[in-house]
Each structure stands twice: as C-alpha cells, then as structure tokens.
C-alpha cells in the first residue's frame, strides 16, 4: 500500500495505539521558548518529576526579547517587567532541569523556527514539537513537526511522548515556473485566499511537484510555516538533495552525515495515490499577493481590486483597516515596514529585500524595522553588507527576535499605521493595538517601503523599476 512522507515518519514514531484511535508517539526533539514553557516546568516541580530527556530539549528566547537598541546582550536590556519575568523564568528552568538554552546575546539565539534548521537540529524523519503554532516550519526539511499546548508540553517533558490522532493526507501539487518577483509567500497566500483559513483542518499537508523541486530550502520553509493559517496542523516537503546539501556541515547534524543521508532517503511519498485529497495549483501566472483585511484569507493579487462588501466580517475588516471596498491594491497607503519573523526572517529573505532597496530610500514618512531571524542570520547578513544597504535606505537594523510579528515585546507598530509586513498573521492588533497589517513577500514589502504604497515588484525584477 502506497504511503506518504507523513505516513512514513508517523509510523516510525508510534509506540502504542491502533489506527483511528489516539496513538502514542515518540518525540525526537522538543523546542521550547519563554512564553509557553513556565507552567509545564511548574507542573514538573509540583509532581516531583524530572525532565525525561533534557538532551532532546532545546530552548531559546525569542518572543519577548527586545531587538533595539542594539546590541541586546542580556536580560538587563529588557525593560518590560512581564517580559523580563518570562525570560528569567526560562533561564532558571533551564538551569534547574539541565536544558540547553540559546540565551540573549548567545551566538545561537533567535526565533525558534529559524535556529532549528540553521543549527541542523531539524532533520528529515524527525518528530519535532514546540509550544508554538508555526512549528510546522520544520516540515520544509522533511520533519514531522507541529505545535502543542501547555498540557502537552508537560506530557513531553515527563515522558518524551505524546498522544495524537493521526490526520488525513492532503497533497498540494504545485506546477509552473515562478516568474521573477514571485516567491513562496505568494504561493501560500494564494492558497489561503482561494480556499480559506480552515480548508486543511484535519489534514497533514504535503507540497509536491516540479515547482517545489526547484525551490530553495528556505523558501520551502515559508510554505510549511504559513499554511497553518489555512488550518493544517502539519506541513511537509519530501527531503531531496537540496535538503541534504542545506544540512551538510551544520553544527548539530549527525557525525556520520553520509550514513544519515542514506537513512533520510527513505522518507518520501511513494505515489500521489496515497493522498486522501489533492489540490492542483499552477503558479505560472501567479501575481504578488497582498493582504488587505484582518485574516490571512483576506488577500488579493496585485492588479486586483479589493472585494465588495458581502458580509459583516468584510464590513468590519474595512472599518478596522480604514480602506474602501473595490479600491486598487496600489492605493493602500504604507507608512510602516517590518521585515523579519519565522516566515521571512532568513538570510535569503533579507537578500531579496535588500536587492529591492539597494541604492534607494524609504518614502517620506515611512519607518522600517529589519529584524534578522537569528544571531546567525544577523552575522551572515552583516558579513555581506546587507545591514548597510538597509540603513542607507533609512531602515533600522535590529537584533534578532520575533519583534513586531506580535505585540508581545517593545517592538509594537503604532496605532493607525498601515504596516507592510513579511509576517504570517494580520489579525486585529497583531502588531500592536490599532495596527493595520498588510502581509506580502519581502520583496513586495521592501518596494512598498520605498514607494509609500504597494507596487508591482515584478517590474523591478524585469529591470523596469
């Protein structure tokens, strides 16, 4: 019987339970951060339990850490007392339970879903969990990864296992060559715009097809990261030679790397017949996507007009966003820019944004923050001069962290601002109370910052702008 990539990794990790019932899974890697770990650690203390496998647990500080003024080197840089408490609590918990921590200022510190692949902790065939909804990111390297809740975190702490009901298989077959200026972000935004925010509920989603085969690894992780906004719990891509080349030489990969590669090669879907549902997506004529409303499904391709009001949700979104029905995308004003996050905070993302901004300057009245996804990304970007391109354009170059993706740290976008953002969520108040978020690719966001409104970035890549 044909199996999917997801089936194969899942089956390798089943300890107990029948098909169709909850099954007990072994967890290879548990990633934790300061926001969702305090209560589970307290639960261990109250029960008098030890952490089952500290060697399979890795912690970082990302959600609450400030990213300016640089350098942010210690918890003393944190002014918000609630944020400081969460950070110092994680530091103490890691000391008490023997967990490795990428602390503030450490060379490995950064967003949890950026540093996992960067360090080589993320590997094909692994089962990875984290108390964060965008844990599916790691599926871009062929791992089975998903977000878990507080009680589940404590269960993994105590047993290194987790009870789960196996979801069905959804294949997204992507064909067509991406035009210059079109990126993975546009693909996933187009999917969610067409099918909605819950179409993949109850499914493990796998992207496949010639477009995916051509795609660089960091772009693949954008796909697996953001499809959570379409309802999927798990998103995966078959590991291939690009995956193995990406991982080779990274700090935490197996010592006998070639032997590991031979093991990883088994993790691939046998046949599309193994999927329960297949979506076909031809991206040959895909345009850059921009979100206009307050859910990721409220997005349109460049060149389209915003939709007419057809229900109260759309009416409320227009009221919050201070936009007019059927206005052109290019008429959306932009006065703030954020480049970063676990969706688009990697080196390749910063390169594309810098490519657009090089030799130009932000439009009058526009403020921009560029926040690398990790200390490693920051150093690599500075080594090739990306920081100077951004600062010459008028942007602030900051230290790594989740930053303005979410209003949980000092990096809040002011109320009323229209922010072009490379993030994955555009809910009301997501980037700060009253903030209006417009998601797009790093290239589109950079171009919007230069022009003060959205433009067709494809023209830049065609040498016309």
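A Cβ is built for glycine as well, from the same backbone N, Cα and C atoms used for every other residue.
The DSSP secondary structure for residue 342 ([4Fe-4S] cluster binding site) is helix. Every protein chain shown contributes to the tally, and the Cβ of residue 342 ([4Fe-4S] cluster binding site) ends up with 28 other Cβ atoms within 10 Å. Taken from Swiss-Prot, the feature [4Fe-4S] cluster binding site covers 342, 402, 405, and the record attributes it to sequence analysis.
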Long-range Cβ environment of residue 405 ([4Fe-4S] cluster binding site), under 8 Å and at least 6 residues apart:
338, 340, 341, 342, 421, 423, 424, 425, 430, 431
Compile a sequence-ordered list of residues in the same chain as residue 402 ([4Fe-4S] cluster binding site), six or more apart from it, whose Cβ lies below 8 A from its Cβ; state 'none' when nothing qualifies.
62, 63, 65, 111, 341, 342, 408, 409
Assigned conformation of residue 402 ([4Fe-4S] cluster binding site) - DSSP reduced to three states:
coil
Residues within 8 Å of the 342, 402, 405 Cβ centre (excluding the [4Fe-4S] cluster site residues themselves):
62, 63, 111, 134, 340, 341, 343, 345, 373, 401, 403, 406, 423, 424
